[in-house]
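Novice: The domain 'SAM-dependent MTase RsmB/NOP-type' annotation in TrEMBL covers 1-293. What TrEMBL records for GLU132, ASP159, ASP176 is S-adenosyl-L-methionine binding site. The active site, nucleophile annotation in TrEMBL covers CYS229.
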Amino acid sequence: MSLALPVSFQTRMQTQLGEAYPAFADALAQPSPTSIRVNKAKLALPTSLQPVPWTETGFYLSARPSFTLDPLFHGGAYYVQEASSMFLEQALRQSVDLDQPLAVLDLCGAPGGKSTHIASLLSPESLLVANEVIKPRANILAENIQKWGSGNVVVTNNDPSHIGQLTSFFDVLVVDAPCSGEGMFRKDPDAVNEWSEANVKLCSERQRRILMDVWDALKPGGVLIYSTCTYNREENEENLAWLARQQDAETITLQLQPEWGITETELEGMHGYRFYPHRTQGEGFFLAAVRKTDGEEARTFKKSKRPYLVSASKQEKALVQDWLKEPKAWEFVKHKETLRALPAAWMLELEQLYENLRVVYGGIEVAEVMKNNAKPLPALALSQYVSEDAFPSAEVDFPTALRYLHREDIALEDSANGWVLVQFQGVALGWGKKLQNRVNNHYPKEWRIRMSLDEALKPENVAALFTLGDQ
Ligand SMILES: C[S@@+](CC[C@H](N)C(=O)[O-])C[C@H]1O[C@@H](n2cnc3c(N)ncnc32)[C@H](O)[C@@H]1O
């Protein structure tokens with residue numbers, strides 16, 4: 001495949017790369033590598049796949065399978081993510097103490113690659129706010145967060161300027177900024193058509209605005225991780241140098257292994273890390289870790305006299321609290337009929353978030369409660385905290401798992417009547433409710449597999465389908 005690259009993009013890259021330009025252009029004509037990141041809380045790491053070297057849980061696949069037809073993908077056992085962007089793990093590991101309870105914001109979060117990665121790296125005592133400004137994209141982010149199953153994440157749908165009003169709230173800000181997408185050219189040829197000099201300028205200005213809007217939300221001493229998937233200097237080094245001229249900021253130098261092939265760059269004392277496809281097995285990417293060296297001290301939050309979050313009653317709590325592992329770690333709150341578990345240690349901060357931001361999803365949606373009757377919700381089934389003692393589970397085979405995810409009727413012969421956790425290879429997919437002669441399929445309509453399964457499930461085709469569990 002050869003890409004028709006805009007002439008002025010070629011000229012820019014020739015100037016930037018010099019002798020290395022032909023190797024770069026050749027790499028763009030190669031297929032994009034496929035990689036995944038495993039959810040260690042749900043699945044053992046595969047032993048037969050080539051690891052992505054800068055992360056513990058990333059792996060390359062030799063071909064791109066149909067992920068839609070792998071039940072483990074729907075169960076949140078892994079996320080399909082571009083390899084270079086997993087370098088975020090190094091930036092976090094090397095710039096903050098991940099064993100401490102941290103408040104982290106992922107500002108440009110959808111569809112959720114970095115948010116799910118951050119959620120896996122943080123300690124369970126931490127809080128992640130995964131934000132996305134575009135509403136339909138915020139809903140996709142919320143779906144991916146629910147499937148990943150961490151309980152300490154809140155998904156919001158706000159403009160960066162709203163979040164900036166939470167002065168000195170966060171220990172870490174991740175800004176994976178909207179950009180001109182040069183690094184995605186071979187993965188997404190549409191990005192080539194959208195590229196122009198004018199768009200590079202527009203993106204750079206927007207990134208500066210985003211950084212300014214959200215800067216106040218970072219505590220002094222806190223870390224901003226800034227990344228883009230583009231090569232030009234305007235959106236990368238020049239923005240960092242500009243930031244350091246506006247604010248008290250310095251970059252953190254990250255340790256690299258030479259064999260990773262990552263290029264360190266520097267402008268006005270600010271360091272950044274570049275990924276080029278002719279040097280690394282991944283797409284174009286840029287990242288820098290910036291420390292805020294001064295600013296307003298963090299606020300302490302007081303308990304509100306009229307809290308926005310309403311605690312569930314004792315009776316309501318009693319219905320569901322055994323459904324979660326570590327019930328004491330959670331505060332149960334109720335809004336309309338939905339009962340959710342929020343991390344108890346963060347209730348004062350969560351009160352602020354719910355009062356001031358548009359929260360799309362938070363904690364674990366445990367149950368719908370009506371008249372002393374609790375119905376478990378899909379997010380509980382997919383949560384890493386669902387108590388295996390509270391519900392019977394039924395392991396289903398590959399075709400049955402796909403039929404369940406397609407929202408077809410399935411049979412669960414050996415299960416007793418009542419709520420059953422439907423599992424594939426030990427990974428929960430959702431709820432079934434066993435009645436005398438049938439099983440009601442409670443997989444959410446909006447998450448179901450939409451494509452027809454007829455062809456895929458023909459006996460001669462099924463064996464060739466991919467599931468990560470076999471790797
Ligand atoms: C590079 S993508 C984020 C990808 C995501 N971090 C991941 O790893 O899956 C940038 C995101 O920024 C959002 N965005 C667009 N304009 C924005 C703005 N003005 N402020 C904040 N975010 C914006 C886009 O909707 C998009 O979801």
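Including glycine, each Cβ sits where the backbone N, Cα and C put it.
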Novice: Between ASP176 (S-adenosyl-L-methionine binding site) and CYS229 (active site, nucleophile), how far is it from one CA atom to the other, in Å?
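Specialist: ASP176 (S-adenosyl-L-methionine binding site) and CYS229 (active site, nucleophile) have their Cα atoms 8 Å apart.
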Novice: On a count of neighbouring CB atoms within 10 A, which of the binding-site residues GLU132, ASP159, ASP176 is highest?
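Specialist: In terms of Cβ crowding, the pick is GLU132.
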Novice: Non-local Cβ contacts of CYS229 (active site, nucleophile) (under 8 Å, 6 or more apart, same chain)?
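Specialist: Set apart from CYS229 (active site, nucleophile) by at least 6 residues yet with Cβ under 8 Å, we have GLU82, SER84, SER85, CYS179, GLY181, GLU182, GLY183, MET184, GLU283, GLY284, PHE285, PHE286.
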Novice: Taking only the residues the record lists as binding S-adenosyl-L-methionine, namely GLU132, ASP159, ASP176, what is the largest Cα to Cα distance between any two of them, in Å to the nearest whole number?
Specialist: 14
Novice: When DSSP states are folded down to helix, strand and coil, where does ASP176 (S-adenosyl-L-methionine binding site) land?
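Specialist: Going by the DSSP assignment, ASP176 (S-adenosyl-L-methionine binding site) falls within a strand, counted as strand.
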